[in-house]
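Copied over from TrEMBL:
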REGION    1-50  region 'Disordered'
DOMAIN    63-488  domain 'Major facilitator superfamily (MFS) profile'
TRANSMEM  97-118  transmembrane segment
TRANSMEM  155-176  transmembrane segment
TRANSMEM  188-210  transmembrane segment
TRANSMEM  216-238  transmembrane segment
TRANSMEM  290-311  transmembrane segment
TRANSMEM  331-349  transmembrane segment
TRANSMEM  370-390  transmembrane segment
TRANSMEM  402-426  transmembrane segment
TRANSMEM  438-456  transmembrane segment
TRANSMEM  462-484  transmembrane segment
Amino acid sequence: MEKKGDGVEIGSGEHANRSLVENFPGGSSKQDTRLSAEVQAPSSETNRRMHPIDWPRRKKWAATVILSGFAFLQPLSETMLSTVENQVTRAINIQRPYDWILVNSLILIGVGLSPLLLAPLSEVYGRKPILLCGTSFFVVWNTACGAAKNLEQMLAFRLLSGFGASCADAIAGGLMSDLWRPEERGKAFAVFMVAPLLGPALGPICGAFISEGTSWTWVFWVTSIASAVVVVIAFFFLHETFVPRLEQRWYDEDVKKGRIQGPPRETAPFLDLMRTDLQRPFRLLGTQPIVQLLATYMALLYGTMFLFLFMYPKMWNQQYHQSVRIGSLNYVSVAIGLICGVNIAGHLNDRVYVWLKARNNNIGRPEYRIPAMVIGTALVPLGIICWGWTGQRKVHWIVPNLGSLVFAMGVYICSGCVSVYTIDAYAQYAASAISTNLVLRSLTAAFFPLFAPYMFESLGFGWGATVLGGAFAAFGIGVVYILWFHGASIRARSTYCATKDEVEETSLHPA
């Protein structure tokens, strides 16, 4: 065992959460001693209680699918609004073009900032309460957006709804680390990741058809109603997965029923948590080179994707003279690309990981996620450049749609690989580590569209797409190279990485 991070002893990556329970009295982590006094050894009944990583697969998949439901509906609201621009502009008296851009972008600022609070809180109070409370907060303010009477109200409500919209993404890394072993995470995360990426792709299609039969307000209210339904489902069927919280709950139950003797639980003041857990994402982003690399990589990836989605309807309107309703159907190619990415990333990621692990004396490493990431890094620039140039030259509409498909496939593969790599490398603090990716990627997604019209107006669709694709390719190649050849040695010097057996400063090439 080795002292790591915030003074918590952790073991190898696969059993990081379990060692949290085993290394402290009563199966409670040192982290959890902020919530309780010293706990006596658990009873035999507590020992029989099952850890989430040992749950039946159907129970694991149920939790994953429920989380995916949250992750699908909330990003859906981010892009549904694009199809009702004229209606909203008239209703709340928007007069300047950049005011409309702010209406679309402010939600992403909330989405970017809230994981810094939600992720570490989920590592104290558990995943389920944070998910339910955050989503309920989103439902309230997203509903208020539909009732906004002026621009100021709309901007305020969009920002506030964003603070709840990211709760599924904020806890996803931690929940996946709780449930799935490294050899299984690739496929599981592939299934989950399709939701937050498919939501923005299908949003314009749903928005176009909803607004055509009703008013623009229902674009907000439909997502609020659907999110509320998922909250009810999660309340009854989603089980807590955070091991220290489960151990504390089991201990409290044993004390209450008189099975063991122990002191009552004491909850630490919130300000004490502010000084420890809530600082962790900032410390990770400020001190961990791997987190910095991956967060910047994801920021550039998502900035490129949202800039692409912002310009996507304009291409079909300006170059192909399609109506809003017909033009929105072109998002189907983006959705198909994401679905193809699920099959590629899910199966390839785990197969490559298992194969390389077998060739390395059955020792797994986060770097074994990199080969699939290489494929995604190549597909992103290839797809967006194909979309840009064929659209500018007005080639048959199927060709830019094929470029969109390839681009979406690459985005999905890259996102999945980065997320699973982060979980493998920072298993105990997966939620906090993932939150740093969410912050930077959401902020770039919010601000990239601010200059999108000017860049594409100046350069055209072809050269604009080339600039975006070239910038991502150059940075992506550098990140892949550093992680593959130097990732293990960088992790060896980290005070937060959850693995110990995988940090030899050797080449990662299999023998």
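Quick reminder: no glycine exception, Cβ is built from N, Cα and C everywhere.
Note that the coordinates shown come from a computational prediction; the quantities given were computed from them, not determined experimentally.
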Restricting to the same chain and to residues at least six past its boundaries, which positions have a Cβ under 8 Å from a Cβ of the transmembrane segment (188-210)? 60-61, 64-65, 67-69, 71-84, 168-169, 172, 176, 179-180, 218-219, 222, 305-306, 309, 312-313, 324-325, 328-329, 331-332, 334-335, 338-339, 341-342, 345-346, 349, 408, 411-412, 415-416, 419-420, 423
Remote residues contacting the transmembrane segment (216-238) - C-beta distance under 8 A, at least 6 residues beyond either end: 62-63, 66-67, 69-70, 73-74, 76-77, 80-81, 83-84, 87-88, 91, 128, 131-132, 135-136, 138-139, 142-143, 145-147, 206-207, 210
Counting only pairs at least 6 apart in sequence, do the transmembrane segment (97-118) and the transmembrane segment (438-456) share 3+ Cβ pairs under 8 Å? yes
Within-chain partners of the transmembrane segment (331-349) [C-beta distance under 8 Å, separation at least 6 from its ends]: 186-187, 189-191, 193-194, 197-198, 201-202, 204-205, 309, 312, 369, 371-372, 375-376, 383, 401-402, 404-413, 416-417, 420
Using a threshold of three or more Cβ pairs below 8 Å, and leaving out pairs closer than 6 in sequence, do the transmembrane segment (155-176) and the transmembrane segment (370-390) count as in contact? no
The transmembrane segment (290-311) vs the transmembrane segment (402-426): three or more C-beta pairs under 8 Å (separation of 6 or more)? yes
PLDDT averaged over every residue in the domain 'Major facilitator superfamily (MFS) profile' (63-488): 87
